[in-house]
Amino acid sequence: EAGEECDCGAPANPCCDAATCKLRPGAQCAEGDCCEQCRFVKEGTVCREAKGDWNDDSCTGQSADCPRNGF
């Protein structure tokens with residue numbers, strides 16, 4: 001939702017302040033295939049295995065989302 005940095009529905013998430021829906025100090029992310037322990041995983045980490053004609057999808061190191069790298 002607008003103004004939220006993370007999903008504050010789960011107070012157990014150590015990366016997200018459930019009261020404010022903002023990332024805790026020092027956290028880069030709260031969830032995602034490229035987020036681990038509140039930090040973006042390093043560039044080149046495979047986040048989705050190759051399928052058919054598609055190549056492995058790899059994290060960018062700049063986002064918690066796993067991008068579609070394509071062919």
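Note: Cβ is positioned from N, Cα and C throughout, glycine not excepted.
Looking up Cys15 in Swiss-Prot gives a disulphide bond whose other cysteine, out of Cys38, Cys47, Cys59, is Cys38. When Swiss-Prot is consulted, the disulfide partner of Cys29, picked from Cys34, Cys35, turns out to be Cys35. Here Cys34 is paired by Swiss-Prot through a disulfide bond, and of Cys8, Cys16, Cys59 its partner is Cys59.
All protein chains shown were included, and the count of other CB atoms within 10 Å of the CB of Cys6 (disulfide bond) stands at 23. Sequence-distant neighbours of Cys35 (disulfide bond): residues of the same chain at least 6 apart with a C-beta under 8 Å from its C-beta are Cys15, Gln28, Cys29, Val41, Ala64. Taking the Cβ of Cys47 (disulfide bond) as reference, residues of its chain lying under 8 Å away and at least six apart in sequence are, in sequence order, Asp33, Cys34, Val41, Asp57, Ser58, Cys59, Cys66. Note on the domain 'Disintegrin' (1-71): DSSP counts are 0 helix, 13 strand, 58 coil. Here the CA atom of Cys6 (disulfide bond) lies 11 Å from the CA atom of Cys38 (disulfide bond).
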